[in-house]
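Colleague: Below is a structure I'd like to ask you about.
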Amino acid sequence: MTSALRPETTTEAVPRPGRWLALSVLVLAVLLVAVDATVLGLATPYISEDLAPTGSQLLWIGDIYSFVIAGLLVSMGSLGDRIGRKRILLYGATAFGAISVLNAYAGTPELMILARALLGVAGATLMPATLALIRNLFHDPRERSLAIGIWGATASAGTAVGPILGGFLLEHFWWGSVFLINLPVMAVLVVVGIRLLPESRDPDPGPWDLTSVVLSLAGMVGVVYAVKETAAHGLGASALTAGLLGAGALYGFVHRQLTLPVPLLDMRLFRHRGFSGAVLADLLSILGLAGLVFFLSQYLQLVQGRGPLEAGLAELPAAIGAVAAGLLAGRAARRFSVRAVVAGGLAAVGLALAALTVIGHSTGYPLLGSALLVVGAGAGFSFTVTADVILSSVPKEQAGAASAVSETAYELGAALGIAVLGSVVTGVYRGFDGPAGTPAAAHESLGGAVEAAAGLPAPVAASMLDAARQSFVDGLALAAGTGAVVLLAASAAAWFMLRDQHLDDRP
């Protein structure tokens with residue numbers, strides 16, 4: 001395997017058949033990450049019942065992966081530029097599969113949180129490497145747009161396959177089985193990738209600065225932790241300390257990048273308005289969506305009473321819309337404009353989220369399914385075009401670092417979205433007025449209320465569950481409204497920052 005992964009310095013495109021075969025391997029890595037992200041939401045009620053985490057621990061299980069991956073993406077993207085993108089992709093995929101086993105067999109909330117954190121370390125190697133390899137494989141802009149569309153469509157397909165496959169597994173096996181589905185995908189990726197993927201790297205990369213790596217990780221984790229704690233408990237000493245330390249570390253990181261002769265991340269990338277606008281659009285849009293998506297599976301299962309498989313099928317319209325839009329996005333951006341497609345897509349998502357503010361116990365599926373279809377289509381148009389803009393804005397030697405910035409915005413937005421909007425849902429939920437005898441555990445999470453109801457007299461259990469479900473729905477509606485405001489703000493920012501931005505037609 002060592003010889004197969006030996007880096008080569010060539011950056012020339014492989015012959016046409018090789019490009020598309022290599023892309024088929026890259027999208028497996030995307031599928032791996034997308035499936036893992038979606039099955040966690042379906043498995044959350046079962047994890048809550050089996051491991052009995054507190055409400056705070058449940059949020060950590062949901063967002064620690066994003067915290068870690070957001071802190072390491074830039075470092076891993078830069079490392080891939082140096083040691084070889086193929087090498088880091090295949091090593092990362094192997095680690096991702098192995099750590100998935102630890103996730104599956106975690107026996108305590110603390111071990112589950114640790115397993116999710118380790119998975120974030122492995123996951124940080126995957127996404128920047130795939131986009132960077134696409135940038136180096138496809139030199140023709142129209143081909144590259146199509147390849148990015150396929151890349152994004154595969155991620156969306158993974159969000160569809162994940163809930164359906166995860167739902168089937170949860171109905172027939174224990175919750176840990178949803179993490180084991182990573183293993184066959186990882187095995188195929190590694191075995192086939194060794195043969196098909198060409199190596200690429202920066203031919204003159206300079207050293208990998210470990211101090212910058214530590215500052216980046218400490219800064220991102222500190223700031224995101226502070227936001228999470230403030231949203232959940234108010235601005236306390238721990239949140240203030242973490243926020244100040246994180247901000248200081250990020251300041252040190254930026255200052256170091258500006259003074260190093262060969263920085264880990266070239267900060268001059270942000271002088272390009274298209275690059276900065278695309279990154280900001282990604283961050284805000286994911287922030288507005290992530291918290292709602294995290295709790296949607298719980299709504300479908302614990303409020304509407306759907307089984308895991310049915311809940312997965314109910315979320316399918318979002319993936320269908322995203323796949324279709326991703327394949328059409330490049331053509332649409334060239335026919336109209338980059339800012340029209342990105343801003344229009346984000347505005348559509350915002351309006352769809354606004355429609356979900358009227359959600360209730362018995363909301364019919366036509367409203368929910370239509371809103372999810374629009375959310376998927378709008379996000380598919382936006383994310384595909386912003387990825388193309390980001391990759392087109394940099395030389396191919398810096399593709400790994402640029403891709404990492406894009407993915408960092410995505411993961412940071414996801415972490416902040418789950419932390420802030422998730423805390424909105426949790427904060428509203430905890431205030432529900434249950435009947436006398438309601439256990440304290442019922443106020444921690446809706447899953448805890450369902451579990452506690454099994455030990456209560458039927459009338460008390462029914463009254464408690466009605467109150468808990470209504471409070472959860474109220475929190476979800478408030479999160480949807482907040483997300484809608486964020487998405488509309490992202491649309492406005494994209495409209496102004498991406499003006500005069502075009503997708504290049506020249507090789």
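Cβ atoms are placed via backbone N, Cα and C, with glycine included.
Please treat TrEMBL annotations as automatic predictions, because they have not gone through curation.
According to TrEMBL, the protein has these features:
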TRANSMEM  20-46  transmembrane segment
DOMAIN    22-502  domain 'Major facilitator superfamily (MFS) profile'
TRANSMEM  58-76  transmembrane segment
TRANSMEM  88-107  transmembrane segment
TRANSMEM  146-168  transmembrane segment
TRANSMEM  174-196  transmembrane segment
TRANSMEM  208-227  transmembrane segment
TRANSMEM  233-254  transmembrane segment
TRANSMEM  275-296  transmembrane segment
TRANSMEM  340-361  transmembrane segment
TRANSMEM  367-391  transmembrane segment
TRANSMEM  412-432  transmembrane segment
TRANSMEM  476-498  transmembrane segment
Colleague: Could you check whether the transmembrane segment (146-168) and the transmembrane segment (20-46) come into contact, where contact means at least 3 Cβ pairs under 8 Å with the two residues of each pair 6 or more apart in sequence?
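Modeller: Contact between the transmembrane segment (20-46) and the transmembrane segment (146-168): present, because at least 3 Cβ pairs are under 8 Å.
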Colleague: Take the transmembrane segment (20-46) and find every residue of the same chain, 6 or more past its ends, with a Cβ under 8 Å from one of its Cβ atoms.
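Modeller: Same-chain contacts beyond the flanks: 14, 58, 61-62, 89, 93, 96, 100, 119, 123, 126-127, 129-130, 133-134, 137, 147, 150-151, 154-159, 161-163, 165-167, 170, 174-175, 178-179, 181-182, 185-186, 188-189, 192-193, 196-198, 293-298, 301-302, 308, 311-312, 447, 450.
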Colleague: Taking the transmembrane segment (174-196) as reference, which of 88-107, 233-254, 275-296, 367-391, 476-498 has the most Cβ pairs under 8 angstroms?
Modeller: 88-107
Colleague: Grab the same-chain neighbours of the transmembrane segment (412-432) for me: Cβ-Cβ under 8 Å, and only residues 6 or more beyond its ends, written as numbers and ranges.
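Modeller: Non-local partners: 55, 59, 62-63, 66-67, 70, 220, 224, 227-228, 231-232, 282-292, 294-295, 443-446, 467-468, 470-472, 474-476, 478-479, 482-483.
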Colleague: When you scan the chain for residues with a C-beta under 8 Å from the transmembrane segment (233-254), skipping those not six or more beyond its ends, what do you find?
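Modeller: That would be 212, 215-216, 218-227, 267.
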Colleague: Over the domain 'Major facilitator superfamily (MFS) profile' (22-502), what is the model's mean pLDDT?
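Modeller: Its mean pLDDT is 83.
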